[in-house]
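Trainee: What follows is a single structure, and I will ask about it in a moment.
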Amino acid sequence: MAAQGEAVEEIICEFDDDLVSELSTLLRVDALSVLKRQQEEDHKTRMKMKKGFNSQMRSEAKRLKTFETYDKFRSWTPQEMAAAGFYHTGVKLGVQCFCCSLILFSTRLRKLPIENHKKLRPECEFLLGKDVGNIGKYDIRVKSPEKMLRGDKARYHEEEARLESFEDWPFYAHGTSPRVLSAAGFVFTGKRDTVQCFSCGGCLGNWEEGDDPWKEHAKWFPKCEFLQSKKSPEEITQYVQSYEGFLHVTGEHFVNSWVRRELPMVSAYCNDSVFANEELRMDTFKDWPHESPGAVEALVKAGLFYTGKRDIVQCFSCGGCMEKWAEGDNPIEDHTKFFPNCVFLQTLKSSAEVIPALQSHCALPEAMETTSESNHDDAAAVHSTVVDVSPSEAQELEPASSLVSVLCRDQDHSEAQGRGCASSGTYLPSTDLGQSEAQWLQEARSLSEQLRDTYTKATFRHMNLPEVYSSLGTDHLLSCDVSIISKHISQPVQGSLTIPEVFSNLNSVMCVEGEAGSGKTTFLKRIAFLWASGCCPLLYRFQLVFYLSLSSITPGQELAKIICAQLLGAGGCISEVCLSSIIQQLQHQVLFLLDDYSGLASLPQALHTLITKNYLSRTCLLIAVHTNKVRGIRPYLDTSLEIKEFPFYNTVSVLRKLFSHDIMRVRKFINYFGFHEELQGIHKTPLFVAAVCTDWFKNPSDQPFQDVALFKAYMQYLSLKHKGAAKPLQATVSSCGQLALTGLFSSCFEFNSDNLAEAGVDEDEELTTCLMSKFTAQRLRPVYRFLGPLFQEFLAAVRLTELLSSDRQEDQDLGLYYLRQINSPLKAMSIYHTFLKYVSSHPSSKAAPTVVSHLLQLVDEKESLENMSENEDYMKLHPEALLWIECLRGLWQLSPESFSLFISENLLRICLNFAHESNTVAACSPVILQFLRGRTLDLKVLSLQYFWDHPETLLLLKSIKISLNGNNWVQRIDFSLIEKSFEKVQPPTIDQDYAIAFQPINEVQKNLSEKKHIIKKYEDMKHQIPLNISTGYWKLSPKPYKIPKLEVQVTNTGPADQALLQVLMEVFSASQSIEFRLSDSSGFLESIRPALELSKASVTKCSMSRLELSREDQKLLLTLPTLQSLEVSETNQLPDQLFHNLHKFLGLKELCVRLDSKPDVLSVLPGEFPNLHHMEKLSIRTSTESDLSKLVKLIQNSPNLHVFHLKCNFLSNCEPLMTVLASCKKLREIEFSGRCFEAMTFVNILPNFVFLKILNLRDQQFPDKETSEKFAQALGSLRNLEKLFVPTGDGIHQVAKLIVRQCLQLPCLRVLVFAETLDDDSVLEIAKGATRGGFQKLENLDLTLNHKITEEGYRNFFQVLDNLPNLKNLDISRHIPECIQIQAITVKALGQCVSRLPSLTRLGMLSWLLDEEDIKVINDVKERHPQSKRLTVHWRWVVPFSPVIQK
């Protein structure tokens, strides 16, 4: 066996073409590349993992236990994997076969684990049915006694003789030493790993590593003479008391079981179904409507069992259903025809010796007659598959991995058929019975037979659900293993239990608690069925099992009559006296399963006594009780079992079985919850899953929101179930909704009795339990919760809609009060996004206009935008919302325009959907139209139905934006340039404490490289989502109204494909004007030439950055007759053809040329500009210019010039330029970058620009005091100035205080950049001026590189600075050679200063050397600051060197 696992590890492909196709379609990614990359990573992990036969995982129950921490968001259940031989390795999500060592990391929706196992390792000996020691999950240690020792008993008195019998001891049991076994009195029987005591004859098997043969011997056969001769009574007692599980149980209880079946060895294809047992399949045909024993045998041989409906049969392995059987039909052939992938069939057919025997039973006898009225005339209708069998017909079908699930046990076919085949040492009822004893035994055996007959009927397994739900097969829906935790009453520690562990620990009085619909009833019925089937050895110890529903009994009823009425049916009868005698005799061998418990007071006396005085009867009781009813019964319990939330993999398992014909819908369902991880817990009970299935049956088309559909279906279920109490139900929903709504807006999810009373919720009302849960454990007062936080939101949405729709003004006011708690777009799009989705899913003609109006107003209210930073406990409601909040906040900080666009689209979509669903579009139109006026929206909104109904609203919009982002990702940061900029900088010498102020550039580069790799992987796999122009406005033909302005933004995109070109042609033709902004998208323009040529008269703006303009591109641009704005920046080559023909753009208003590295850019402009009279913005960035004449002429021709930017390191003669600029009285912005003019010539004309708003002279130097004073005086005339970048130089330093005083007279100033020239006195002047009321609108104060300011000067500045309510950015950074080491008192002053700046979001302080204590002070200030969520402190340099640490 070891060699099998040690084979050279091949690369395992866990996916197939179907999966690749499905994922590519649904996720719009290149799934093949993603899956191949995952396959490579999995292979590397697989190579490192241990291989070989794992004897410790032979036990299916142990394998099942390994899945306790397994990810619940998977397609396979732990039961399916454990049954297929897999256990969870703990390495990622890897599962491994205990036998062949196959390791799988992925689960597949279309294939079960046994199918994948067989496909990838068909030679696995476990799959081939060989004896590899597999122990079924319900199997037991005790085996049937063997006869072989009777003649050799004397010989085996000698230990050596016993040891010799172990010569062929199986390899998988080597963890238990033959020498220890023989010393304990055991002899190897030669069958699997079964041993038998030579003295008492007791047989034990399923030995695992660590087992103690003496302990096992003492537990199961404590009266053995050999055992008693070797061990003292105290030792035996200690063995028994320390044994885990099986309290009060010995081997006698299993050996003498009345329900015991002879079970074959477990096979992998059994698929966790009891009907893998032929005998049990045969039993299901008791009510078969046809008369032919031979036909039944053929059906059974083909793996089929009878469902109890018409003549529908189902395969225990694949779950396939067939019906309408006729004479001569061949079950095995039809089974193969309709379900060719059935693992059971494949396994049978792989064994040549099976086929002849199988075929001899294939054909149904010709003489088969029917006792039903089924019509078999239509040959084509014979054997409908499960798709063709109506759900109501298939409701009792037992699925392949059903709740009624059990594997065939590891028993040999040749085990003794009789129950009394043991030696004289075994424990059998005495044959010398008195008459009264014989009477009770006879009655008990008869009762056992009747109970087994009742429990094995399909009608017992099936649960009736109301009306529309009755179309569902509850065996499918409620059949998966529930998740159970055990809570011992005397111990607070909780532990997860598998179902086998639960069965092993059944004793005394226990309860199983859970929510409504959690599966309590089905769990009890499952136990009863498994016991009756005889296929669950763990339950063999019970001779009688009584499943009783307590909902229909009265306190005065006798227990015997209850049993007769509920379980024995017509003709069944047992007296109270006889029942009492049986219980008294059997004691621990009687199990009561009590369902629908509501309280001790409602119980008959007999049951009351069984519970409260269990020490008298010593029976076992398992009581199903709703969570809120546990307190009353807790004093009598030994252990409480609690059913936890229904795992998501169980939900998938149910849907896969019921909707195997529509597997893509199931795939979409999984993807929806994969993308919405916060929703994965909403299927918390099987009843919720039933609601999903009902909705799917009623609505075959996909639902946009799976959670909304689920909650609505659940509420519909409640209304159907409680039709007779419609008004009380409505009142309960309203009061619970009020509680939910109040809790939602106070972040409260746990409530006490006072909260319920205040909301009008009756905590004792049964209907309340359908919506809320009560928790009493370890609490002085009970705590109430809704069935889930999302369900609370849903009920809150129902209540809000009810309030806003009310005729009562106070209700409407209350609803509006709650609605206004959503007072910012951030809240609307993050923590309350799901809530608003639920609100919009409840159409209301009265509520819709109110909700729509409120939400649309949020977009533009500046006050509400400021509310985004308030401190709220977001995590309580939606932990996943925190990241979303940060992303939205970051978007708002980086680009308020993009933020507004995003929330506008999303809130508009919610509002329009609400208005349409509630049929209130007309009522909502005034506020919708007001919202649309002057708005820029994304192209996607035009696909909404509203724009098809009202295309005229396009005229109200400012523009529509379309963004195309491709995969041509470009590195934005050039680290070589950064390193070059530090070439002349000497590393500073600092103390070790301050070394953290410098971060090595290689760390940043490495980190960025890793992120780039991740981004690149994502971009490579991502498919561009095609633009959808098939709905809404785009369905109109012809288009009655056009898009007023189309903004096209193209980033990192290559040439457009044919599909995109067709879309753009359609969109361009529907636009009045078009503006382009292209970056890093070479080749794109040429590729959309056909679209541009059709709409060239509409293109008004073209901005191109970091792309290569070919000759063809330039020619194409020159054909745009109405171009008004042209921008070219950061191109490698000079587009001379385009620039030389600028005069052809007759309407050009804006020209921006940003080619910093190119000299003499102006030289390629045309010589004359006779047609350019409309220029409003002129921005030129070049390295040097030797001739300004063309620029001067262009300005002369531009009487409406508003913006002038010029960056140039050298100008040969600037006098003409200054002269012509002086004539431009309408200038709003002037920026000179680079030291490109004589200062005085500009200062002389500065007073002319009275409308100036932006003046940027940061790169200019004013060396003399006279020029600087004149500049300061000129500032006083610029009353509209908003942004000032003060020049540098010694002259400016000398008059700095004068400049500050002049700036204080500028009422509109928002940005002040004053670098390099301030000292202690002048910087203090800024602080004093602000404190006196100046700079009230200042948002950005940049004081960088002012190295003349001392630490004392800074400290005085910090201590005085105040009264700047709008300041957002303060920068006091210095150059590296001028690092400043400050004292604690200065840090304290800085902290106090920051605290006085309520709007501050950025503090720049590079080259300020801070130690850990300083940083702690700064961080403490940040945490207490009003902008704590947004405030960023920049204090670390990123440098290509390490500082010198002084010793």
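Glycine is treated like the rest: Cβ placed from N, Cα and C.
From Swiss-Prot, for reference:
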- 60-127: repeat 'BIR 1' (REPEAT)
- 159-227: repeat 'BIR 2' (REPEAT)
- 278-345: repeat 'BIR 3' (REPEAT)
- CYS315, CYS318, HIS335, CYS342: Zn(2+) binding site (BINDING)
- 508-802: domain 'NACHT' (DOMAIN)
- LYS520: ATP binding site (BINDING)
Trainee: Through the lens of DSSP with three states only, how would you label CYS315 (Zn(2+) binding site)?
Mentor: strand
Trainee: For the recorded Zn(2+) site formed by CYS315, CYS318, HIS335, CYS342, which further same-chain residues have Cβ atoms within 8 Å of the site's Cβ center?
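Mentor: Here the non-site neighbours turn out to be ALA302, GLY303, LEU304, SER317, GLY319, GLY320, PHE338, PHE339, PHE344, LEU345.
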Trainee: Please report the distance from the Cα of CYS318 (Zn(2+) binding site) to the Cα of LYS520 (ATP binding site), rounded to the nearest angstrom.
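Mentor: Between the Cα atoms of CYS318 (Zn(2+) binding site) and LYS520 (ATP binding site), the distance comes to 26 Å.
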Trainee: What's the number of neighbouring CB atoms sitting within 10 A of the CB on CYS315 (Zn(2+) binding site)?
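Mentor: Taking all protein chains shown, CYS315 (Zn(2+) binding site) has 28 Cβ neighbours within 10 Å.
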Trainee: Taking DSSP states H, G and I as helix and E and B as strand, how many residues of the repeat 'BIR 1' (60-127) are helix, strand and coil?
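Mentor: Output for the repeat 'BIR 1' (60-127) reads 24 helix, 8 strand, 36 coil.
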Trainee: Should CYS342 (Zn(2+) binding site) be counted as helix, strand, or coil on the basis of DSSP?
Mentor: coil
Trainee: Hey, how far is CYS342 (Zn(2+) binding site) from LYS520 (ATP binding site), Cα to Cα, in Å?
Mentor: 31
Trainee: Across all chains shown, how many C-beta atoms besides its own are within 10 angstroms of the C-beta of CYS318 (Zn(2+) binding site)?
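Mentor: If we count other Cβ atoms within 10 Å of CYS318 (Zn(2+) binding site), we arrive at 26.
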Trainee: Which number gives the other C-beta atoms within 10 angstroms of the C-beta of HIS335 (Zn(2+) binding site), all protein chains shown included?
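Mentor: There are 25 of them.
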Trainee: Could you state the CA-to-CA distance between CYS315 (Zn(2+) binding site) and the residue listed as 'ATP binding site' to the nearest Å?
Mentor: 27
Trainee: Pop the mean pLDDT for the repeat 'BIR 2' (159-227) in here, whole number is fine.
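Mentor: Summarising the repeat 'BIR 2' (159-227) by its mean pLDDT gives 95.
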